[in-house]
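Structure first, commentary second.
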Amino acid sequence: DGVKLCDVPSGTWSGHCGSSSKCSQQCKDREHFAYGGACHYQFPSVKCFCKRQC
């Protein structure tokens, strides 16, 4: 069975998220999320979310 991942808002990203690769790298480097992250829309803007095991 695969690992179930949940998105949590990045604690270090500020403002609009325009690059999922940069978001993912920041999640790994600054917040120590092994699975990285991605940009997702959450009203009212696109934000960086990091992925972790649920």
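Just so it is clear, glycine is given a Cβ too, placed from its N, Cα and C backbone atoms.
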Considering the candidates Cys17, Cys54, which is the cysteine that Swiss-Prot reports in a disulfide bond with Cys39?
Cys17
Disulfide-linked residue for Cys50, taking Swiss-Prot as the record, within Cys27, Cys48, Cys54:
Cys27
Between Cys6, Cys23, which residue forms the disulfide that Swiss-Prot gives for Cys54?
Cys6
Highest CB neighbour count within 10 A among the disulfide-bonded residues Cys17, Cys23, Cys27, Cys39, Cys54?
Cys27
C-beta crowding around Cys50 (disulfide bond), within 10 angstroms:
27
Name the residues of the same chain, 6+ apart in sequence, whose Cβ is under 8 Å from the Cβ of Cys48 (disulfide bond)?
Pro9, Ser10, Trp13, Cys17, Cys23, Gln26, Cys27, Gly37, Ala38, Cys39
Cβ-Cβ distance under 8 Å to Cys6 (disulfide bond), same chain, at least six residues away:
Lys51, Arg52, Gln53, Cys54
